[in-house]
Amino acid sequence: MARTTPLEKYRNIGIMAHIDAGKTTTSERILYYTGRSHKIGEVHDGAATMDWMEQEQERGITITSAATTAFWHDYRINLIDTPGHVDFTIEVERSLRVLDGAITVFDSVAGVEPQSETVWRQADKYGVPRMCFVNKMDRVGANFERCVQMMKDRLGAVPLVIQLPIGAESEYLGQVDLVVNKAIFWVEDGVGGSPVYGEIPDHLKDDAELARAEMIELAVEVDDAAMERYLNGEEIDIDTLKACIRKGTLAGKFVPVLNGTAFKNKGVQPLLDAVVDYLPSPLDIGAIQGHKIDSDEMEARRPADEEPFSALAFKIMTDPFVGSLTFIRIYSGKLEPAMQVQNSVKDKKEKIGRMLQMHANSREDLKEAFAGDIVALGGLKDTTTGDTLCSILKPIVLERMEFPEPVIEVAVEPKTKADQERMGLALNRLAQEDPSFRVTVDHESGQTVIKGMGELHLEILVDRMRREFKVDANVGAPQVAYRESLKKQIELEFTHKKQSGGTGQFGRVKLVLRPGERGSGFKFNDLIKGGNIPREYIPSVEKGIRSVADSGALIGFPIIDFEVDLIDGAYHDVDSSALAFEITGRGAMREAADKAGIKLLEPVMKVEVVTPEDYMGDVIGDLNSRRGQIQGSDDRGNAKAIEAMVPLANMFGYVNQLRGMTQGRAQFSMQFDHYEEVPQNVADDIKAKFA
């Protein structure tokens, strides 16, 4: 069976935004108008199709990105809905990695919020072409012009306004489509809204003329021929204008801006038209780069069915009916059930079981899939997020994803013996699905510790453990994920010697250890000359050093960001072994920590509080008392937005304190920014607590 939709008619897009900007509602309307769902799901009813986990429906937020295929005219749109809550940025990151384009949804009242900035930066990182939808134009306080200005000021974006709103708040009637120079009004047809094109209202004609001239001027800058015609005073026809807007959007020169209210069914169909007109197909994105399995030599794979198969696994999900599902984006070649493919990252072969096309939570079996498709595979054994699947004969490794380190941890204890057996299984399954969630067992206390990106993140995972895996557990108070670091550079020699009848143990190493830049991780440099330590023992020295660094030297948190040079050493023909040198590495690292001294680092969060002006003094005073450093403030509608850097340790329970202080009128968001040394007086208290 051949492909039914040509590749140039594919649009792999994501919808991204700040929490509560109306992202899931917009997705719901897209699914409704593209005919995939016969009843519109509402987030506030807990019936949205894209939010199919129980917790999502209860909390009204999207946690996992559901991938759905829909059709608009004869274009195939693969839609990925991503969460807007900062604890789930990992979901956004991995969706962006496999998308070709994105729609950023903004709340017309709040404008550009902190999480909008985060997702925008993530999209910049992967060079994703995007457009903006200013949603909720019917809300009290809706202000389209301010939103556009904030895009310039806060995101550094170049907005290309292609629609003006007709009215706002309860008077919001529709849009002026500046490309075709007509007004769009909306007719309620019982189940949604249908667009009716008409004349631009008289009171908006001057504004529309001015805005259209600005739009054309910016759009033709990307095309020399169109620019010349424009400068010669010729009228730019609609097809040329659309071609210019498309070209500039794909090149990242500007972002088209539309408006509407998804909830009231005004503006979704023109948004879909714009997706088709201005966002890229896989052919526009071109070949994906990877490297050969056994070398760093780069190789490109074109998005074509006749190329060797290559795909990236970007999400793993447990489906109640099918079991574990791996979502993949196919970049080249084609795939059929029962085919064998190579996981080039793990160097394992995988057999394809079922191959499914997903529609939020219903599914259809596929007989084959092609370049550009996003599909879910059942029955994979060894594949995790970020792995490459490829042809066995022509293997390739696509660029890996980077996952952030967790900043918060809690201890979990099963309530009964039966819970204990199920808990291990449940935590492994959850960690497999979510790479920003880690599970460790404290060797000394035997406690299981789970680590994540924030309180909400861990709360939801514990909740899923209870519901999906029927595991009841007691959860400890959240702990900050501190880190340790060397204070200064040192050189030392360390010998491990053990004689007790039979074969002894012997190893000697000479090391230089130095603190590295923040975020540089652990580096081990083998500078041994002339075989003073045999090659096969050197990895053991590194392993020994690493094992001590991982369990810390001060209060048991990992030692990070340091470099070790192994410069000399000695061995014994009989008594030296891999184990002896691992023990030597461990002993040397412990002594080094002693001699260099260890400082404590803590995660510092970037916090934004939006509060009515009356409470501004109280909020700033409170942030200062939490060791916060105020970075600045600006106007946000009729409220004030305060930015600060605050240690995570001082932010627990902040939400309740803020509510009390502002009578529930302020809100805040925070995300991890960097690790910083803990002041000595605070460090002493922490050491006492862990002693």
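Using the three backbone atoms N, Cα and C, a Cβ is placed for every residue, glycine included.
The shown structure was predicted, so the numbers you read here are calculated from the model rather than taken from an experiment.
Within the model, the domain 'Tr-type G' (8-283) carries an average pLDDT of 84. Per TrEMBL, the feature domain 'Tr-type G' maps to 8-283.
Annotated GTP binding site per TrEMBL: 17-24, 81-85, 135-138, in sequence order.
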When you measure from the Cβ of Met137 (GTP binding site), which residues in the chain that are at least 6 apart have a Cβ under 8 Å away?
Ser108, Phe144, Pro165, Ala168, Tyr172, Asn259, Gly260, Thr261, Lys266, Gly267
Within 10 Å of the Cβ of Thr82 (GTP binding site), how many other Cβ atoms can you find? Include all protein chains, please.
28
